[in-house]
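As structure tokens, the structure follows; a few thoughts come after it.
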Amino acid sequence: MRQQTSRRINITSGAVLLIDETVPHLPAFISSARIRAFRHSLGALRKIYREVTYRSILTWHDMHNLRVKHVGTYVALFASLCLASNVRAADGDFVRDYFVHKAVRSVVGFSCGNPTNDFNFVKKLSSAGIFTIVRKVDAKLNIRRFLSTETWTLGVVVDLRCENDSAMAIFSESSRYRMYDYSYSWLVLGSKLNKSVPLLNDTAYSMTTDLALAIVNGSDYDLYDVYNHCKYRGGTLNVTRLGSWRPGAGLTITLTQPLVQRRANMNGMTLKISGVIQYRPKNMRLEDYMHDINTRSLDSMHKFVYAMISHTADLFNFSVHASEIIYWDRHSVHGLIFEILNANYIDFGSNPRIMVSERLEYATLIGAAWPIRPCFMLLSTTENKIKLGIFLKPFTRDIWYVNGVFIVICIFIMRIIMRSEEVSRSEKYSGAMVLTMGIVAQQGANFSPKRIPSRIALLQILMFNWIMYNYYSASIVSARLSEPLDKMEDSVTVLADSKLRIAAEAVPYLNYFLYKLNWESNYFRKKRWDPLPEAQRYLPLEEGMQLVSDGVLAYHTDPNTAYPYIERMFDANKICALTEIHLFKQSVMGIYASRNGQFTEIAKIGLSKMFNTGLRDRQVKFWSSRKPQCQLDTLSTRSITIYETSPALILLTLGMVVACVICVIENIVYNRSMRKEMQRRASSSDVEKIAGTSERKSPE
């Protein structure tokens, strides 16, 4: 039990006031800060009392007035402390009503350290179903981890009335980790408006910041909406009356306009956009180049992004300052643009990039916008191979089989006709076979039957073979005209195995395709790209397309850039022979903003409006180049090569060889038979001579 010392001051009214120096029984809801203020008042009162005691020369009337004056001051101070305690007790009701209105289900509060107040605060919010954590700020508190949220909006309560620097530390850490977006709903409690506003740290504020400043007005609270579009881009802190809270009436919100709509005017703030520009003429300003339609095929993706950001600028009343990056590290996977975005030197990158998760560590993705299909371009040349099946292609296998059966039947019929006409009795089937083959090949026949049945049969055979011959001729011409070009397969592995020379346009996204895409790109890189000397890897666009036209190079570039060159430099046959081999199939590249920047939501809203209104599709068509079309009628003028006619030549040569062999064999057989005949005749004549000589000698 503490020893209490009391002093008595007599008041004219007869009242007695006991001043307890230890103050052991103060109410539990009075914080340590209030206790210190209370003791400070007691010290001042003791000083006054000593002054009254030692100056005994004062009259009793003067001493009476002095005591009454200072005791009245103390009573007023004590009453104000009690009023402040009642106000603190009402904080829970107000905060509960505010976050119920905001539909926030989780709240983190930073208190002044009074356990009773913290308990009552948690109790009030828990009664509304709000999960609440209250913590006093200290050096061990990790703000980033404590306020981490990923799935729902987190309410944060900060009390500026604490007589310490805890609020300043909270604002500093939360600004460092960019905790002023849609994920957080801030409620800041203050005593006076002009004293509370300077304590706010608006470094990370943006158009989507949800922060309400509540100023205590007796038992009421006046609410103010606080935001800043971007402080480091010249933005100013905006404080607007939001509403009020009364103990009986509850929460009243007078600023009912949607958050983005009421903050849409950015008052001409200048935002920065930059990227790697390759083809800007030296005598043309960058802003003029971004709108130049005569060079729409050059740096088209940059011009597209610039147009999209310009449309967004019209929506939110800000201006765009464009700059260009003149250095590009060809060995970098992500490029200098992501380093600049990570450092917040610029707000948007004018280079659309592939949307991959590892780039989110450097920049914030706004959304998919620009379709891209970069590829290797080359001319497909006709393979130097003999096409043995070209003469069999017009008919299917079944038709050939049926036609062969009918030809055999026709041979038998012709043999019957020839026998009935008594044309030849020495030849059985050879004449019928030759005659039938002449009819099939539409070469005519030197046979004219005399009988009517024979003529009808011969006419039917002629009509059948004439119809089949016309079908065959039309089919082989049609197949020749509609035959697709023998193009290389759309696969980088096939290109890697070919003997074509390769090169590429110096574009920032090429390294990512080669190093980070898939196993096919890795195979191509290891087999063809890495062994290639650095000086031979990159060629200017015009030189590369000229080598493609010559048929000696596979050149990697953006088709939107290459198509105008193809229309000017390639003839119709080369356009039809043009082949595109993609590192990956057509995809959509994304627009990136500065990492955790204040303008990400603005850009997302603008991009969404562009999609919904069709402006995005219009800009894509405007800045994209038309693909040169292959004119099919030009294929009829293409000459037939020796490899296509080689089957006929082979058949002719084979027939000539067989005929020559048969002729030689026949001549050999004939000569042998003639020699044998001559020998037989010679031997017969000798026998006859001997016989004749014998007959002449016999009469003698």
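Each Cβ is built from the backbone N, Cα and C atoms, and glycine gets one as well.
Bear in mind that TrEMBL entries carry predicted annotations, made automatically and left uncurated.
Annotated domain 'Ionotropic receptor 75a N-terminal' per TrEMBL: 91-274, in sequence order.
Marked as transmembrane segment by TrEMBL: 399-418 (among others). Residues 392, 424, 428-429, 431-433, 435-436, 439-440, 447, 449, 454, 457-458, 461, 464-465, 468 of the same chain, all 6+ positions outside the transmembrane segment (399-418), place their C-beta atoms under 8 angstroms from a C-beta of that stretch.
Among the features that TrEMBL reports, transmembrane segment is placed at 456-472 (among others).
Under the heading transmembrane segment, TrEMBL lists 648-670 (among others).
Summarising the annotation, TrEMBL assigns region 'Disordered' to 681-700.
Annotation comment: TrEMBL describes 686-700 as compositional bias 'Basic and acidic residues'.
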Intrachain residues whose Cβ lies under 8 Å of the transmembrane segment (648-670), provided they are six or more past its termini: 386, 391, 642
Per-region confidence, the domain 'Ionotropic receptor 75a N-terminal' (91-274) (mean pLDDT, whole number): 91
